[in-house]
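Visitor: In case it helps, Swiss-Prot gives these features for our protein:
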type	residues	note
BINDING	ARG92, ARG93, ARG132, SER133, ASN134, ASP135, ASN143, HIS173, VAL174, TYR175	dUMP binding site
ACT_SITE	CYS112	active site, nucleophile
BINDING	ASP135	(6R)-5,10-methylene-5,6,7,8-tetrahydrofolate binding site
Amino acid sequence: FDNSEVPILTTKKLAWKTAIKELLWIWQLKSNDVNDLNKMSVHIWDQWKQEDGTIGHAYGFQLGKKNRSLNGEKVDQVDYLLHQLKNNPSSRRHITMLWNPDELDAMALTPCVYETQWYVKHGKLHLEVRARSNDMALGNPFNVFQYNVLQRMIAQVTGYELGEYIFNIGDCHVYTRHIDNLKIQMEREQFEAPELWINPEVKDFYDFTIDDFKLINYKHGDKLLFEVPV
């Protein structure tokens, strides 16, 4: 994607606020507690909720671990990334990783999107995302949109222009139960992409709230229901 427009589906309505809330839960709160997500009126992780109320050592848990050394102290992956992008932009090590082999068995679900790599070149922030697995009906539209939002957020708080956005998928698939509705979706009219407004006053990554995002002129087809595969 060249980022001339926001990558969001128009052939059906995407629950874009839910996608951003999940992003904030993982990247900003660095939480694995499903109750934190429920407080945002989001329930997409409820069926993976364990007895302790969490999804185990997955997603936000990995980002919140203080395992990087910075100025004599330990910080987590997100804080390290933000610092390095600002202070060492030419580094080829701007990477976050959710795939921790030592803790995969402690995760309610192994991460689908597991890695980001960031590049700064000529004042622009580029992002490459890697997903081991993406179902095209549900997971892909969510992930492609929300990580593009993340790129825009981090570009804003680090002071860079928006660069290219790459989303790599190892295993891209369609579930049999989704085929009929996907055929309907494929026949639908596509509309021009909306404009994503992000509050320009926010300069700290941890100050973003859902109220700092607006989709302007989001024209889309009717909602299509797809059963969540478990």
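Using the three backbone atoms N, Cα and C, a Cβ is placed for every residue, glycine included.
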Visitor: Long-range neighbours only, meaning 6 or more apart in sequence with Cβ under 8 Å: which ones does CYS112 (active site, nucleophile) have?
Guide: ALA131, ARG132, SER133, ASN134, GLY139, ASN143
Visitor: If you count CB neighbours within 10 Å, which one among the binding-site residues ARG92, ARG132 has the smallest count?
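Guide: With the binding-site residues ARG92, ARG132, fewest surrounding Cβ atoms within 10 Å: ARG92.
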Visitor: If one measures from the C-alpha of VAL174 (dUMP binding site) to the C-alpha of ASP135 ((6R)-5,10-methylene-5,6,7,8-tetrahydrofolate binding site), what distance in angstrom results, rounded to a whole number?
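Guide: Their Cα atoms are separated by 6 Å.
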Visitor: Quick one: largest C-alpha distance among ARG92, ARG93, ARG132, SER133, ASN134, ASP135, ASN143, HIS173, VAL174, TYR175, binding dUMP per the record, in angstrom?
Guide: 37
Visitor: Return only the integer: C-alpha distance in Å from ARG92 (dUMP binding site) to ASP135 ((6R)-5,10-methylene-5,6,7,8-tetrahydrofolate binding site).
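Guide: Rounded to a whole number, the Cα-Cα distance is 30 Å.
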Visitor: As a test of the contact definition, list every same-chain residue at least 6 positions from ASP135 ((6R)-5,10-methylene-5,6,7,8-tetrahydrofolate binding site) whose Cβ is closer than 8 Å to its Cβ.
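Guide: Residues satisfying the criterion: HIS173, VAL174, TYR175, HIS178, PRO229.
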Visitor: Taking each of the binding-site residues ASN134, ASN143, VAL174 in turn and counting other Cβ atoms within 10 Å of its Cβ, which one has the fewest?
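Guide: Among the binding-site residues ASN134, ASN143, VAL174, the lowest count of other Cβ atoms within 10 Å belongs to VAL174.
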Visitor: Can you see whether DSSP assigns ASN134 (dUMP binding site) to helix, strand or coil?
Guide: strand
Visitor: Look up ASN143 (dUMP binding site) in the DSSP assignment and reduce it to helix, strand or coil.
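Guide: Note: ASN143 (dUMP binding site) is helical by DSSP.
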Visitor: Should VAL174 (dUMP binding site) be counted as helix, strand, or coil on the basis of DSSP?
Guide: coil
